[in-house]
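Below: one structure, written as structure tokens.
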Amino acid sequence: MEKEDRATSDETFMKEALKEAYKAAAKGEVPVGAVVVSNGEVIARGHNLKERLNDPTAHAEMLALREAALRLGSWRLNGCTLYVTMEPCPMCAGAAIQGRVQRIVYGAPDPKAGAAGSCVDLLGETCFNHRVEVAGGVLREKCARLLQEFFRKLRAGEIAAAAPPSEPEEECRPLPNNNTSSQPTP
């Protein structure tokens, strides 16, 4: 793929991730959004739901990776690209490595928890059995501005942090248990 073509498609898909980030912000969640792309098509989306679900793993990337695996019918996300508005944390970077994601494209760096070189360089480690290609800074200003504005409003008391709903929304409900193995009876 030509460099200009890749840059254009990276911006196009980052705009899709930004749409997800705005959904998180509207719910009082830290505005991070992600999409997983396979063969030029968005196959999964996610936005932060950590507060609403009381789940420390409900990061945008984790939710998008889970959805992609379900859609593809495989945990191996070979050939997929993860677009995320903020540099992935160690957990999300580790999930991308474990899921064999080909490429991660992120917007804003995260100097407090970024695992693509801002804080630690987990994605640059050579000891893992899989290497993920990384591109950072795509629509950096837009992604950073959304985060900065959210935290400015949160500190000023203009918005409230998300609280878990009394009844989970459809998109927030846990995945069904697909375990078909029978448990031995005592």
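Numbers here mean position along the shown chain, with the first residue as 1.
Every residue gets a Cβ built from N, Cα and C, even glycine.
Copied from TrEMBL, the annotated features are:
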DOMAIN    8-121  domain 'CMP/dCMP-type deaminase'
BINDING   HIS59, CYS89, CYS92  Zn(2+) binding site
ACT_SITE  GLU61  active site, proton donor
REGION    161-186  region 'Disordered'
COMPBIAS  177-186  compositional bias 'Polar residues'
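Highlighted in sequence order, ALA60, GLU61, MET62, PRO88, PRO90, MET91, ALA93, ALA95, ALA113, ALA115 have their Cβ within 8 Å of the centre of the Cβ atoms of HIS59, CYS89, CYS92, the residues recorded for Zn(2+), and are not part of that set. Counting every protein chain shown, 28 other Cβ atoms lie within 10 Å of the Cβ of CYS92 (Zn(2+) binding site). The average pLDDT computed over the domain 'CMP/dCMP-type deaminase' (8-121) stands at 97. Reduced to three states, the DSSP call for GLU61 (active site, proton donor) is helix. The Cβ of CYS89 (Zn(2+) binding site) has 22 other Cβ atoms within 10 Å, all protein chains considered.
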